[in-house]
Amino acid sequence: MSFFWLFPFLLHLSFADSLSPLSAPVQNFIHLNHSCPSSILTYSRNSTYFTNLKTLLSSLSSRNASYSTGFQTATAGQAPDRVTGLFLCRGDVSQEVCRNCVAFSVKETLYWCPYNKEVVLYYDECMLRYSHRNILSTVTYDGSAILLNGANISSSNQNQVDEFRDLVSSTLNLAAVEAANSSKKFYTRKVITPQPLYLLVQCTPDLTRQDCLRCLQKSIKGMSLYRIGGRFFYPSCNSRYENYSFYNETATRSSSPPSLPPRSTPQQQLKLAPPPLISERGKGRNSSVIIVVVVPIIALLLLFVAFFSLRAKKTRTNYEREPLTEESDDITTAGSLQFDFKAIEAATNKFCETNKLGQGGFGEVYKGIFPSGVQVAVKRLSKTSGQGEREFANEVIVVAKLQHRNLVRLLGFCLERDERILVYEFVPNKSLDYFIFDSTMQSLLDWTRRYKIIGGIARGILYLHQDSRLTIIHRDLKAGNILLGDDMNAKIADFGMARIFGMDQTEANTRRIVGTYGYMSPEYAMYGQFSMKSDVYSFGVLVLEIISGKKNSNVYQMDGTSAGNLVTYTWRLWSNGSPLELVDPSFRDNYRINEVSRCIHIALLCVQEEAEDRPTMSAIVQMLTTSSIALAVPQRPGFFFRSSKHEQVGLVDRLSINTSALCSVDDASITNVTPR
């Protein structure tokens, strides 16, 4: 009989003995999971690497190590035998528990991963990690682990299940923002319901804010939120939710700001399956949980309905009011994210003028900073707006369901007295129109950045149309509604006009025409017909504006005569074989001809007169990312302006109203029109 299988165990014992003078006897800590990703990258017992590893682990588990922050890094040896390691303790545990957990994990490391150069060990109270590579200040997704309760949520009502997932997802994502903006990169949150929901998120403190947030968001997406509890580990971050307090609430009380309490009033409870048995070794511990789902905030919805009814009696308008759709019940999705007005008022310094970021069609936008350091954009709807209450409800309903890097994220809302406020993530670089239409700012966006922005907008619209759980038509895509993040990443904003489509719905009609002049498709402006192809038309206009730095609403000259608006002007350049004359002079000497030409071609396909001729957003994304895809020949665009002032102006002359009444010119977002 071979005794080869005993070698790792004997090595583990001898290694543990060599560290025993450095560590006092410790309690047992339950091993949740481990990762030894490579069987190729190994070392031998007599190697320099093993000597360096012992030095590293002795340093990390030493009583002289600093456990006050719950995080420590160390390096031992020189390349190519250098070892880098770290430990991360859960943010609420004491120094003593942290020290003991690290010492315990050091003793166990060779039991779980003998001879491996790259190792991650996960325990409930701590994580130990080391590698032959530099792992400091770097996000790592290899070596992940997921632990889920074995029982699904038991409910015959799918809406209740979805509402539970929305509650957990939205609260975890809000906690992720708080953690990313804190120095400790740790945050807990307790949602007050009849049976409380507890959440915890944490990153290694050496990560940047952006890396921490991205890591946590990825971990949240990695969990199946149909279970009644679970957790997800990456070497760089972790997230967890339960219905019982699994962390030290006293130690974390300061991390949960009293200014952001959930305001939902649950009306029903969800029946849950009984929890399974807990496995202690190797398989991880399942969560024994019973979770309550917050169901619609009936009072809040009734408040909206009552308010709409009163205004309908008081105010007569020249258009037919559309009833709120069935999706209005979903405003409760964001119920757990309702903000307290006093907290928002304090964050914006009582809506101080110096904090004002801008003004939109329905109100003003302010920058706010909460005591935790989180920066937000606060959209305060005007109290005198005759239309804002509808858009407020619509925006909460729509945006609360969306999570995509190319969409501005809704953090919460406030509805107190006559105040209607939306709280968004803060996007520092203003909107796209601030750059492309300003002669002094245009040079900051070279072609590489503009091409990236075009791709980001396309992916964001594709998510709305196809990849999200809902099919959403934005209806107000324009340069002013594209915000730019830290890395000039495009984020679509302002969902006040958006409409949700049913599963098999492809188009809809409305007598309430809303939008911005120059971006609206012909069939929408004339007949109130809108579909995904309406957004495609707007996207095409946006692409032409990004390439040219010109507004579509202006009239341009060609050969000494009027060439019409930007769409018509581009079509004439294309027909004459000189489309590159459209390029913004600020980057004319530094761009890829094939990329610009292809983008102009795609834009002309998007603004074709007939909706069925326009490509879908999925096709557009493929066209942008795959140069080998052949492009169709574009047909004449909608709203085509002829060169002679005596000739008809295409579709525009069929409208029974003047274009000045059709809609505003770029700086406002709403118009009411009654077509024939």
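Backbone N, Cα and C define each Cβ position, glycine as well.
LEU357 (ATP binding site) falls within a strand when secondary structure is assigned with DSSP. Marked as ATP binding site by Swiss-Prot on the basis of sequence analysis: LEU357, GLY358, GLN359, GLY360, GLY361, PHE362, GLY363, GLU364, VAL365, LYS379.
Restricting the average to the domain 'Gnk2-homologous 1' (31-135) gives a pLDDT of 91. According to Swiss-Prot, the feature domain 'Gnk2-homologous 1' maps to 31-135.
For THR516, the entry in Swiss-Prot reads phosphothreonine, with the evidence type similarity to another entry. Every protein chain shown contributes to the tally, and the Cβ of THR516 (phosphothreonine) ends up with 28 other Cβ atoms within 10 Å.
Under the heading region 'Disordered', Swiss-Prot lists 252-279.
Residues or ranges marked as signal peptide in Swiss-Prot: 1-16.
The transmembrane segment annotation in Swiss-Prot covers 288-308 and is backed by sequence analysis.
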DSSP-wise, what's the residue breakdown of the domain 'Gnk2-homologous 1' (31-135) into helix, strand and coil? 32 helix, 31 strand, 42 coil
Can you tell me how far the Cα of LEU357 (ATP binding site) sits from the Cα of THR516 (phosphothreonine), in Å? 21
Secondary structure at GLY363 (ATP binding site), reduced by DSSP to three states: strand
Rounded Cα separation (Å) that holds between GLN359 (ATP binding site) and THR516 (phosphothreonine): 16
